[in-house]
Structures are given as C-alpha cells and as structure tokens.
Amino acid sequence: MSLRNCRDVKVLQVSPVGRSETPDEFFELILEYPDWDGWKPGQFVMVRPVSWELDMLWARPFSISSAGDGRLTLFIQKVGRGTGRLARIAPGDMVTLWGPLGNSFAVEKDTPTLLLAGGIGIAPFRGYVERHPSPKNVQLFLAHRLPLACYPYDYLCGHVQGQCILEEKPEDLDGIIDAMGGLIKEYAQKKGLVLACGPTPFMRTVQRFAREFGARAQVSLENRMACGVGACLGCVTRDGEGHHVQVCTKGPVFWADKVEL
Amino acid sequence: MNMHVSIAGLELKNPVMTASGTFGFGLEFAPYGDLEALGGFVAKGISLKPREGNPMPRIAETPCGMLNAIGIQNPGVEAFVTQALPALKSKDVAVVANLYACDAAEFGELAGVLAGEEGVAALEVNVSCPNVKEGGVAFGQDPAQIARVTEAVRKKAGGKHVMVKLSPNVTDITVCARAAVDGGADSLSLINTLSGMAVDVRTGKPRIANVIAGLSGPAIKPVALRCVHQVVRAVDVPVIGIGGIASAEDALEFILVGAHAVQVGTANFLRPDFAFGLAGEMEKLLSEVGAESLEAFRGSLQLPL
Ligand SMILES: Cc1cc2nc3c(=O)[nH]c(=O)nc-3n(C[C@H](O)[C@H](O)[C@H](O)COP(=O)(O)OP(=O)(O)OC[C@H]3O[C@@H](n4cnc5c(N)ncnc54)[C@H](O)[C@@H]3O)c2cc1C
Ligand SMILES: Cc1cc2nc3c(=O)[nH]c(=O)nc-3n(C[C@H](O)[C@H](O)[C@H](O)COP(=O)(O)O)c2cc1C
Ligand code: FES
C-alpha cells in the first residue's frame, strides 16, 4: 500500500566529515534516492533505520542536503542517541524514509540573498546553492565551533561567495553577532533576502536584527518531531498571532516576523 | 477471509482503526495510503471551542514508547464540521469523532452538534480531562462521573453509536467499564495513555513542559492487553483494543483476548503507511495460525483451568 513518499531504501554510504579532531562528529549519510518528482531546498526527510526495531520509535528529521543521480545526501551532526546510532549504520542497511516534507526557502533569482548558517545549519544550504538559478547573487556566512573541514564550506565557496567566523572562546560570539548585524543591515538596505538555519539562539539573533533593520528574513526551525506529517502536534511553534502551528508542515521555514522564537 | 466487523451497529470493513490524536483529521496521511483501506478512523480530539493546547516541549521519546502532553490542541467542533468533515464524508471509511470536554453538560452539547452530522459514524468519548469542575477528580477515574458523562452524550447523540474510551490510570478498570455501560455506552475503547514523566539530569528539568504526560507505544501493550482481557469478561458490550499495536501479531493478540477491533496510535509515527497495510497482514496471519474466521478467532484465548 506504501506510496513512493514512504519507502524502505538502502544506505549507500556513511562518510565521516572532517575526521581528525572530532571523530564521527559529522557525517554524510548517503541513501538510495526514491526518485521524488521534485524537492525544494529547505525541505526535510524523516529517517528511521529498520534495525531500530521498537527501541527507538521515532524517525529523525534531517534537511535534504543534496539529491539527484540516484543519491540522497544528508549531512548529520552526532548529538544524541539517534544520531549516534545513525553514525554506526552500515552500507547496505535499510532505512525507512519519508518525504520530501515541509516548505522551503524562498528562491528569488535576481534578489541579493544572504545565507546565515550556524554550524550544522549549513546542511540545507548545500542544496540551496546547488539549485539556485543565479549563484552570483548568493552569499554565505558560517559561524562555526568545529574545524572548517567539518562543514561543506569550501565546496560551497566554489559556487558562492563565502565568509566564516570560528567561535573558540566566549568573546568570539560578540564578533559573530556584530558580523551578522552588519550583514543583515546591508541586505536590508539593498532590499535583499536573508535566509537562516542554526540553533535557536542564533535564530533569535537573526530575528532581532531583521526586526531592527527591516530585513526580509526567513528562519528554519528544528523542533522535535514524531510524525513529520502534521498529525501529532508535537512539533508546534507559535506563529505571529500566538497560535500553535506545526513546524513540520507549516514550516520548517518561517518568515522571521511571523514566528515567536 | 471476511474481515468485516459489526460493533453494536457500527459497521467496519475490517477491524483496523487509527487512534485519536495520532492520525490528525485523516488527510495528513493521504500521500501515504488510501484512507479507505482502514475500517475506521478516529479524528483528533475535539472540543466545543478551539484550544491551543500545552506549551512546548510536548513530546519525548522513551524506551519503546513516547510521552505526550499535547493538551487537545484542536480548532473546535465548528471547524471540524465545516473544514475536515466535508473531505472525509465521501470516503468509504467509518469516521469517529473523539470528544473532549470538562463537564457532563459540555459533553452533551458537543454530542448535540455532531448528532446531525451525516459523515460521523460514531462518537468516542474521551473521559480523561484532568481539570473537571464537578467533584475535582478526573472523569476517567470516577465511575459516577463516567456514567453521568456517558448518559449526557447518549441523550444528545441522536442515535449515533457511542463509544467510551477508558483510562488505564485507575485501580480497577472493570468498575469504570461497567459505569460506562450503565450510562448507555454501545462499545468501549481502551486504553488511553498511561500517566508518566521523564526528566533530564543534564538540564535538571522535566522533558515535557507540562511535567506529567501520557505514555503510549509498544511499552504499554502488556498493560493494554490486561485491561482488555479484564473488561471483555466484565461487560457484554463490544471492546476495541488500543495500546502499543505495532504489528499484525500485536493486533491479533487483542482480538484473541476478545476485542472486536483495534486502534493503532503511536505506530503511525513509526512509518506513515503502517495502518493501511495492517488489515491485510492480519488476514494473512489469521490463515497462518489456522483460524477459520476472524469471528471464530475472537476471544478464543485458552486460559489455564
Ligand atoms: C526540519 C529539521 C531539519 C533538520 N536537519 C538536520 C540536518 O540536516 N542535520 C543534522 O545534523 N540535524 C538536523 N536536524 C536536527 C536533528 O533532527 C536532531 O539533531 C536529531 O533529531 C537528534 O536526534 P538524537 O536522537 O541524536 O538526539 P536526542 O537523543 O533526541 O537528543 C540529544 C540531544 O539532541 C538535541 N536535539 C534533539 N532533537 C533536536 C532537534 N530537532 N534539533 C536540534 N537538537 C536536537 C537535544 O536537545 C539533546 O541535547 C534537523 C531537525 C529538523 C526539525
Ligand atoms: C500524540 C498523541 C495524541 C493523542 N491525542 C489523543 C486525543 O486527542 N484523544 C484521545 O482520546 N486519545 C489521544 N491519544 C491517545 C491515543 O489515541 C491512544 O489511546 C494511545 O496513544 C495508546 O495507543 P498507542 O500505544 O497505539 O499509541 C493521543 C496519543 C498520542 C501519542
Ligand atoms: S511532527 Fe507530528 S505534527 Fe509535526
């Protein structure tokens, strides 16, 4: 009965990224691509290895980092039980996969577009950059804590202009916030588009500056999810009117002025 | 094999229903299967007025289960009738409305609104509101309240099938079951979630904003089976088994113990197409175990003498 949107697919490859100092902290999970008719950058998938049996019940949500040529690439940071076990999955194992889910980032060919990534928040931007019709209008800013080699930063800089700041000490955060403020102000002035993905405090900063400078900004949220299809109401956030809305179906991407963070 | 079941006037083409709160208003799962593959579908709990539900975080994963404290977020009965029901009406599936209110009068009023709605095959009464005006005890834990609420719904239901959903958070579930039957329940569905909690030693905080939440999923199946086993022996109305069903074998365990049908909840999150294939798999497994029919298999549990 299963339609193509939910299928068991094979793990093709699991590759650690930026291995040396941070073993397995980041990895690429490359899956058989279920030939979805179309996916848009910012959308995500739910992944649940068949071998999880019933111990871990929920699938985990991950942004589509890249897809095509029979491969679906997810870029994952190991943070807990689920991602820890995913890091140890082997090629040939089967995972249950459903998607593509949620909405997507705005793509405006001729609008100067700023991508703000906080760490692993860079994941959806790989697909965004690969699919953008006019990469010369796109600029990337990455705030990161782990070595640059852990992120697909150099790869993205082959497509778009990039800038990054390493956060080693607490003081570095001020520099990051200043840089973000400056960039958001600049894009507000040139009527550009600001797209952000990263941890919640990072998104709050984006939201604050977007309000202050009147920038058109979108933020992608990472709420905990059970179903991914809008049914359980476990992933909600408050919209601009204070109503609870599902992040999985009404998001994960929200206009920064239309969501309470 | 004929998988049709008759539950005191509620006709289902197969014994598989999806449980309230885990299947939205039905259409969320349309990309993953055909709603008509189900015997029935229980809509997300609805109240008279819209409710925003509880603050976040509302869900947490536990070994073989999950905790939820959604707080019956729903758009209210008017929106259910005008927005969800029209799309469901044309489908060949029994649509069950799950009712949530905080006193007997409000339950009656809610039933009254739905009584005239053609697309609704049955009303499932969720008697586990924690903040009841009358008496100050949760409905689901007070047999007198259960009887009163059931009666109020029965009176206003306009002849629709009334199913009362029981809570396992009681000392003796058979007492509650009898109270619902006394109040006029056509059938009983059980169980709702078990009361539980989870905390985080790193943050020092509860994992759910509401602190106490409802446990569901495979972890609760033994409790659910025990409750069904006790209730089918205590009352003579049909029982619908709910709790931790994640395979055809799980579902048939409930039928073996005496349930007429089952509801699948948390397993819909394991994969969104899960419920659609379940009736077919149950049919296959029934043949494998040599059952002559679903009816012959039902309640055929062999107890020690
Ligand atoms: C739409 C969406 C897209 C996402 N895309 C990616 C992606 O491309 N790459 C990636 O690595 N991660 C992504 N995430 C986050 C990822 O889903 C979580 O890191 C993962 O679910 C954690 O699972 P776990 O079992 O390892 O962690 P758990 O054992 O559940 O939790 C361990 C730790 O992880 C944190 N955590 C749990 N869930 C989340 C979450 N949803 N977001 C952030 N932290 C969380 C907890 O607070 C806790 O500290 C995305 C999340 C969403 C909602
Ligand atoms: C996220 C979630 C929301 C629920 N919402 C409702 C509800 O609105 N009304 C209700 O009667 N039961 C509700 N339930 C309980 C289920 O319908 C079911 O009784 C319970 O989850 C046990 O079954 P399971 O183990 O198969 O999930 C909810 C359960 C979950 C997990
Ligand atoms: S994850 Fe279930 S509603 Fe969003």
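Residue numbering: from 1, along the chain as shown.
Yeah, the Cβs are placed from backbone N, Cα and C, and that goes for glycine too.
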Residue among B:Asn126, B:Asn268 sharing the substrate site, where TrEMBL lists B:Lys44, B:Asn68, B:Ala69, B:Ile70, B:Gly71, B:Ile72, B:Asn192, B:Thr193 as binders: B:Asn126
B:Gly243 (FMN binding site) in three-state DSSP notation: coil
Those binding-site residues in B:Gly45, B:Ala69, B:Asn126, B:Gly243 whose CB falls under 6 A of ligand 2, listed in sequence order: B:Gly45, B:Asn126, B:Gly243
Those binding-site residues listed as B:Gly71, B:Gly243, B:Gly265, and which of them has the most Cβ atoms within 10 Å of its own Cβ: B:Gly243
Reduced DSSP assignment, B:Asn126 (FMN binding site): strand
Cα-Cα distance maximum in Å, computed over every pair in B:Lys44, B:Asn68, B:Ala69, B:Ile70, B:Gly71, B:Ile72, B:Asn126, B:Asn192, B:Thr193 that the record assigns to substrate: 16
Other same-chain residues whose Cβ falls within 8 Å of the Cβ centroid of B:Lys44, B:Asn68, B:Ala69, B:Ile70, B:Gly71, B:Ile72, B:Asn126, B:Asn192, B:Thr193, the recorded substrate site, in sequence order: B:Gly21, B:Gly45, B:Gly214
